[in-house]
Amino acid sequence: MDLGKTVEYGTHRQDAIAQIDVPDQVLYTIGSFILIIGSVGIIGNMLVLYAFYRNKKLRTAPNYFIINLAISDFLMSATQAPVCFLSSLHREWILGDIGCNVYAFCGALFGITSMMTLLAISINRYIVITKPLQSIQWSSKKRTSQIIVLVWMYSLMWSLAPLLGWSSYVPEGLRISCTWDYVTSTMSNRSYTMMLCCCVFFIPLIVISHCYLFMFLAIRSTGRNVQKLGSYGRQSFLSQSMKNEWKMAKIAFVIIIVFVLSWSPYACVTLIAWAGHGKSLTPYSKTVPAVIAKASAIYNPIIYGIIHPKYRETIHKTVPCLRFLIREPKKDIFESSVRGSIYGRQSASRKKNSFISTVSTAETVSSHIWDNTPNGHWDRKSLSQTMSNLCSPLLQDPNSSHTLEQTLTWPDDPSPKEILLPSSLKSVTYPIGLESIVKDEHTNNSCVRNHRVDKSGGLDWIINATLPRIVIIPTSESNISETKEEHDNNSEEKSKRTEEEEDFFNFHVDTSLLNLEGLNSSTDLYEVVERFLS
């Protein structure tokens, strides 16, 4: 029977094949497979939306695209699978012309929305990684919401076109689903098919490939530049920051690859028909690619369940019945250290003459120092030997992350030693010379100031010294957005922290880091610093 032959039913054109001689078990198998795919897509994408609803830390601006992708995939599964399953049981399309139009319209709308959302994710990751300064204005929640609205409007335009006369929606393949008429060789159908494939599939695919190629080159270039930095701590921080951004990009890349592989067979079939070889396409060759394309709705939650640590953690905590499928990820020490130290940057970043150092709350060596000082009194020789023994491994280990590099010298030592200390604020309280780097506001040049120990053993040298303020600068855009989100959602915690800062900080003196006035002994100093760090 000629598949290209058509007849008119009112204003709609449908295939003249009323019944297709297909074994019942084949239709039942296809229908059952579609039902399973639809069920997994509905449940999986609901879990994704539930995870973003329960975990406020996931509601960052870049993740809005993931939420939009989950919504479109959920609606795709909910509108396509049940109808297709019922039609397979009846061995033909059962909802008539209006149902065919609605079914095909929904499939086109949600499918195009998913593709355009993946394109937006790729562009967003590209800007964040290659142009981090410009990404600040393009990665706000308001701007992200505007982009999502444009994605839906663009998808709606292409989905409405067949209803307005540019091509048409007809049953396809085994007549258990509907799509636009890409088989009939008319100018309207051919032009719509070509424009749809180019503007919705091929051009976005080229843009996505371009974005990820230059993202990879930027990551490699940044990695080389980081290796040239002299500070191990700065190397580690920048490397980890770029790793976080690249991790998000890799998750999106896996989703995009799977999505493209799912829709590629369908695109090939439409192009074969567009080239004038539609008669060579069998009902099976048109139905199977359509089923594979609609199955793309289930891959997003599966990929997130495997790769995304925060998603796994949220599902593991809130859905106990899925704990045997989703393992709880290990805690990210880097993220916790940055969030735990973020309040140090909020008040100190506005000071003009401070040197910005990237540090974290790493473990301190103070306990070892105090254990080796008899009766709590500082002894120059014993303290020097203890500090050298503790810090020498850090000089040999290039992987020691989140460290504060300072130059520590003794006043009378003709050959000062450079050692690398953990980034604890306790290190500045020891009776040793401390060199700090400050920036002159007039000449815009950096200079080194050496703060010597008072030979009398007093604490005035600490109070009067120009110490560098220690702030946290998260170079990662995702860290900035997550920090803003936590700051907005934890106002009570912020007020408590502010009260604590007022107790232990004294910023009315431009050159002091801690309020050390009124201290008479090293024991008092140790207690103040201990309270500050706790």
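Glycine residues also receive a Cβ, built from the backbone N, Cα and C atoms like all the rest.
According to Swiss-Prot, of the residues ASN189, ASN399, ASN444, ASN189 is the one noted as N-linked glycosylation site. Going by Swiss-Prot topology annotations, ALA61 is found across the membrane from LEU89. Among the candidates CYS178, CYS197, CYS198, the disulfide partner that Swiss-Prot records for CYS100 is CYS178. Reduced to three states, the DSSP call for CYS100 (disulfide bond) is helix. Reduced to three states, the DSSP call for CYS178 (disulfide bond) is strand. The Cβ of CYS100 has fewer other Cβ atoms within 10 Å than any other of the disulfide-bonded residues CYS100, CYS178. On the 0 to 100 pLDDT scale, the topological domain 'Cytoplasmic' (124-146) averages 83 in the predicted structure. Below 8 angstroms of C-beta separation, residues 3-4, 6, 12-15, 17, 20, 22, 27, 30-31, 80, 83-84, 87-88, 92-93, 100-101, 103-105, 107-108, 158, 161-162, 267, 269-271, 273-274, 276, 278, 281, 283-288, 290 of the same chain, each at least six residues beyond the ends of the topological domain 'Extracellular' (168-198), sit close to that stretch.
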